[in-house]
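Q: Okay, handing you the structure first.
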Amino acid sequence: MPVITDQLPSPERRPLSPSTIVIFVLGGPGSGKGTQCANIVKDYGFSHLSAGDLLRAEQDRPGSQFGEMIKEYIREGKIVPMEVTVQLLDNAMREAVENEGAKGFLIDGFPRKMDQALQFERTVAPSNFTLFFDCPEATMQERLLNRGKTSGRSDDNEESIKKRFKTFVETSMPVVDHYKKEGKVVWVDATSSPDEVYKKVVEGFTKKGLEQLKK
């Protein structure tokens, strides 16, 4: 496999500030991560980076030699090679610091595997904690099928959804369990209404010493 990180466009590397807050956001497909991240951005001022959105943008970027590969991995519900995902996140974080003065990040849908977590913390920045949305598979499938009616996303169909569930349980839950053992997980029941779920998020953030922006 080629050295992917040398072939993706990368801004001039500057070390991230040690005070930069990095929160991994995990949960099965359809657990409501995107909705809750939007609330957190509004109330806490963090920058929201979706690993999936970055990959989808890269697959459509004119001239990307990895576009077709990314498209195939996403279609099959497989995890894109970590070199690609970590480099895209690194680029996006540095651009946000440079252009927006970002001081905190929600990394949505990442890390999907333990080796991604270790690679990111070794080469980009350590994480403060992981925000995990716990939701039953049946609930998530119903949400995704409803979303698929209007989203236009190629992976919002029953076959892809089942593959994504299986991949999440087998590869991402070990990441959650790893950080839970380190006391670095805010575990949220995501089965209730978005407002109720967000109340639990705020409670968890408060326990971690994070305060909402003054309005």
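Cβ atoms here come from the backbone N, Cα and C positions, even for glycine.
What TrEMBL records for Gly30, Ser31, Gly32, Lys33, Gly34, Thr35, Arg147, Ser192 is ATP binding site. What TrEMBL records for 50-80 is region 'NMPbind'. Under the heading ribonucleoside 5'-phosphate binding site, TrEMBL lists Arg56, Lys78, Ile79, Val80, Gly109, Phe110, Pro111, Arg112, Gln116, Arg153, Arg164. If you look up TrEMBL, you'll see 146-156 marked as region 'LID'.
Could you place the listed features in the three-dimensional structure?
A: For the region 'NMPbind' (50-80), the DSSP-based tally of helix, strand and coil residues reads 19 helix, 1 strand, 11 coil.
When Cβ atoms from all protein chains are considered, those within 10 Å of Arg164 (ribonucleoside 5'-phosphate binding site) total 22, not counting its own.
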Q: By a 10 A CB contact count over all chains shown, which of the binding-site residues listed here is most packed: Lys33, Arg56, Arg147?
A: Lys33
Q: Round to the nearest Å and give the CA-to-CA distance linking Arg147 (ATP binding site) with Arg164 (ribonucleoside 5'-phosphate binding site).
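A: Between the Cα atoms of Arg147 (ATP binding site) and Arg164 (ribonucleoside 5'-phosphate binding site), the distance comes to 15 Å.
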Q: Could you give the Cα-Cα distance between Arg56 (ribonucleoside 5'-phosphate binding site) and Thr35 (ATP binding site), in whole Å?
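A: Per the Cα atoms, Arg56 (ribonucleoside 5'-phosphate binding site) and Thr35 (ATP binding site) stand 19 Å apart.
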Q: Taking only the Cα atoms, work out how far Pro111 (ribonucleoside 5'-phosphate binding site) lies from Thr35 (ATP binding site), in Å, as a whole number.
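A: Distance (Cα to Cα, whole Å): 19 Å.
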Q: Measure from the CA atom of Arg164 (ribonucleoside 5'-phosphate binding site) to the CA atom of Gly30 (ATP binding site) and give the result in Å, rounded to a whole number.
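A: On Cα coordinates alone, these residues lie 10 Å apart.
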Q: Note down the number of other Cβ atoms within 10 Å of the Cβ of Ser31 (ATP binding site), including every protein chain shown.
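A: Total other Cβ atoms inside 10 Å, all chains included: 25.
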